[in-house]
Amino acid sequence: MDTLILGLPVAYYIAMVAKVLVAFVFVLLTVAYATYAERKIIGHMQVRLGPMRTGWHGLLQPIADGVKLFFKEEIVPSQASKFAFLIAPLVALIPAFISFAVIPFGDTVTIGGYTVPLQIAAYYDQAGKQVFDVNVGVLYILAMASLGVYGIVLAGWASNSKYSLLGGLRSAAQMISYELAAGLAIISVFMLSESLSLHKIVADQAGGAWYAFKQPLAFVIFFICSLAEINRTPFDLPEAETELVSGFCTEYSSMKYAMFFMAEYANMITVCAVTTTLFLGGWHGPAFLPGWFWFIAKVYFLIFLCMWIRATYPRYRYDQLMRLGWKVFLPLTLVNVMATGLWVMFISK
Amino acid sequence: MIMPLIKGLQITISHMFKKPVTLQYPTERPDVKPGFRGLHALNVSHDKAKCVACYLCPTVCPAKCITVEAGEDQNHDKYAAKYEIDMLRCIFCGYCVEACPVDAIRMTEQFELANYSRADFTYTKDRLLEKK
């Protein structure tokens, strides 16, 4: 227990590996079953049944889909830019998963006298009783979220197909437009929390003082912008089936296509987790259940909300999307930032 | 602007708790209503087809899918020596049933008519009689 590696106890490394494994496997499973849940929920919302044949009520459907995609033929278009074509799914997938490194999915747990913070990139000072995590956690998440667009643009360009290119271009334009409003929505949270550390932001929301109540406008705008950033309905223009075949992933087959699919769902889980962390009080909830339970429950509720929205709204037109981003959300968030600033300056002090 | 959006969400969530209309087809069978026009069958009376080969059904058939050839039996009665329906042409209008003066043809509730070869879609007299 007392052996030190690079100045840190062995337990730190064991806990770190365990956290990484648990979080990664959990997110992967959630990704797999989010596809199933989406098909089931949207099915029932359309008075259908959804998958029913594979296993009891179709429970093995994600596994069947995965196996099927594994055995599909790999097709690389002859005129495609091969290296970029092959690397694009990875560029889309990896940022979607690594955002989880900084998201706190619980407070701390004490196992055998050693306290572990339930956040991958965090360190608990056993003597000082304090959690240290990445002090620019939100910045890191924003950076990873914007990295994801490279995969899509690269896929669109490398496919050498007009549908893919249009999908990629739309995706780039859309992400840039909505990232601004999303970033400004987060700024009003920072102004209240006075920190970029996700652990601190969640700790500030203890006792039901969620930022969703203090910043309802920022919460709604951030969630809508997140939907736009991860290309989900009603903002799924990059892969608008009705006009662009399948958008940026038109030319993709087999596991490469599955990677885009996984990236899409992993992104959805990430933004739901970020929204929970920033606005819905993270792991806070009634004390009779552990913190991670409340965190997961909130994230799943938001995922359900995404699916509910998908079942309800038709797709935005391209000019409507741009108008909404630049002429509605951007001014609204700017006003919100101003109002929050004035409130922090003159009223709360 | 916001109220219609919320109303839309209400509609979808209310649908979620309705009973799905999906029919789990091969395991669950559809409830075929009376008057359904499925595969034809030739009616039988006294162990032989009632058809007297009057040619009213091929005449009225808009798809021209019925082929009848008349023959003469031991009692010197006219009967259908050949009675074939080409199911690939049939439009299941039921005019043949309406036209028949001796109630020799009817339509059953059978609707699964898929087959493997073109020849299998020609329903001969034997096959039409089988479905008593």
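The chain as shown is numbered from 1 upward.
Placed from the backbone N, Cα and C atoms, the Cβ positions cover glycine too.
Copied over from TrEMBL:
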BINDING   B:C51, B:C54, B:C57, B:C100  [4Fe-4S] cluster 1 binding site
BINDING   B:C61, B:C90, B:C93, B:C96  [4Fe-4S] cluster 2 binding site
DOMAIN    B:42-71  domain '4Fe-4S ferredoxin-type'
DOMAIN    B:81-110  domain '4Fe-4S ferredoxin-type'
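DSSP labels the residues of the domain '4Fe-4S ferredoxin-type' (B:81-110) in these numbers: 5 helix, 9 strand, 16 coil.
When other Cβ atoms within 10 Å of the Cβ of B:C54 ([4Fe-4S] cluster 1 binding site) are tallied across all protein chains shown, the result is 17.
Non-local neighbourhood of B:C90 ([4Fe-4S] cluster 2 binding site): B:H40, B:A63, B:C65, each in the same chain, at least six residues away, with C-beta under 8 Å from its C-beta. Rounded to a whole value, the Cα-Cα separation of B:C61 ([4Fe-4S] cluster 2 binding site) and B:C54 ([4Fe-4S] cluster 1 binding site) is 13 Å. For the binding-site residues B:C51, B:C54, B:C57, a Cα-Cα cutoff of 10 angstroms around B:C96 ([4Fe-4S] cluster 2 binding site) retains B:C57. Other residues of the same chain near the [4Fe-4S] cluster 1 site, with their Cβ within 8 Å of the Cβ centroid of B:C51, B:C54, B:C57, B:C100, are B:V52, B:A53, B:Y55, B:L56, B:V68, B:A80, B:C96, B:A99, B:P101, B:V102, B:A104, B:I105. Checking the binding-site residues B:C51, B:C54, B:C61, B:C90, B:C93 against chain A with a Cβ-Cβ cut-off under 8 Å leaves nothing.
B:C93 ([4Fe-4S] cluster 2 binding site) counts 14 other C-beta atoms within 10 Å of its own C-beta, drawing on all protein chains shown.
When the binding-site residues B:C51, B:C54, B:C100 are ranked by how far their Cα is from the Cα of B:C93 ([4Fe-4S] cluster 2 binding site), B:C100 comes first. Compute the center of the Cβ atoms of B:C61, B:C90, B:C93, B:C96, which mark the site for [4Fe-4S] cluster 2; besides them, the chain residues with Cβ within 8 Å of that center are B:C57, B:V60, B:P62, B:A63, B:C65, B:I66, B:I85, B:I91, B:F92, B:G94, B:Y95. Secondary structure of the domain '4Fe-4S ferredoxin-type' (B:42-71) per DSSP (helix as H, G, I; strand as E, B; remaining residues coil): 5 helix, 11 strand, 14 coil.
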